[in-house]
């Protein structure tokens with residue numbers, strides 16, 4: 001027999017979730033899925049259950065996934081090493097083939113299958129399907145020479161996202177699972193950072209929330225302390241003083257652009273915590289770092 005205390009605690013948890021379920025009913029929540037949550041079995045299972053539950057209580061989760069560690073593993077198997085500049089993967093033609101194989105094939109279908117096994121109806125896509133993510137080659141500015149631009153290969157900069165396909169799937173109660181691969185004017189493939197795709201998609205869909213899952217508790221200051229709440233202006237300061245760097249750069253850029261362009265809030269959460277999505281969306285305290293526009 002469970003103790004009455006344990007039962008009461010469960011009831012309180014359910015009661016705490018009720019106002020959030022009501023508030024976010026029929027709202028779109030874009031989730032960037034990555035990090036340890038994609039590789040550890042217990043975290044994969046809890047993620048899938050969370051997504052299905054969000055859908056069942058009336059929210060519209062849209063998943064954008066990464067796959068960096070899996071891509072790196074395959075590159076090593078073929079004798080190549082991953083190279084990053086300012087948090088972006090340098091992508092030559094051979095690397096692009098591997099990216100498409102891993103992201104659009106192996107990982108995407110694994111996530112779809114996982115969600116479906118837990119009672120959801122997930123559909124896997126890349127941005128090439130219906131050409132719904134149009135992209136062009138990205139050039140990045142050299143930190144040492146402001147007038148110099150660096151070509152990092154088939155890395156895409158988003159030009160346009162057509163939301164009609166995603167809205168159609170949402171309306172039919174499917175859960176879109178999107179690999180961040182875009183398509184150019186000539187049909188060429190582009191590897192796009194998953195954080196940037198998630199942010200731009202959240203803007204396009206006018207999402208209530210953007211959630212980025214990471215391998216850290218959230219945004220940390222220079223002493224390693226968690227910053228639980230940030231405004232857009234404070235984020236700009238952290239960019240300027242170098243607190244935000246490396247792989248966190250595209251995440252924060254995605255979050256900042258999203259909240260400046262109509263997304264109500266962005267949450268950077270620790271994907272290593274079981275049921276992190278539910279803790280963030282359905283509890284009073286939440287987890288991780290909340291980023292909002294001014295005010």
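The first residue you see is number 1, and the count goes up from there.
Even glycines carry a Cβ here, placed using N, Cα and C.
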One of 89, 172, 234 listed by Swiss-Prot as binding substrate at the site of 67, 68, 191: 89
Extra residues within 8 Å (Cβ to Cβ centroid of 67, 68, 89, 191), substrate: 66, 71, 82, 91, 99, 102, 103, 193, 194
Sparsest-packed among the recorded positions, when each Cβ's other Cβ atoms within 10 Å are tallied, from 32, 89, 251: 89
Neighbour count (Cβ, 10 Å) for residue 67 (substrate binding site): 25
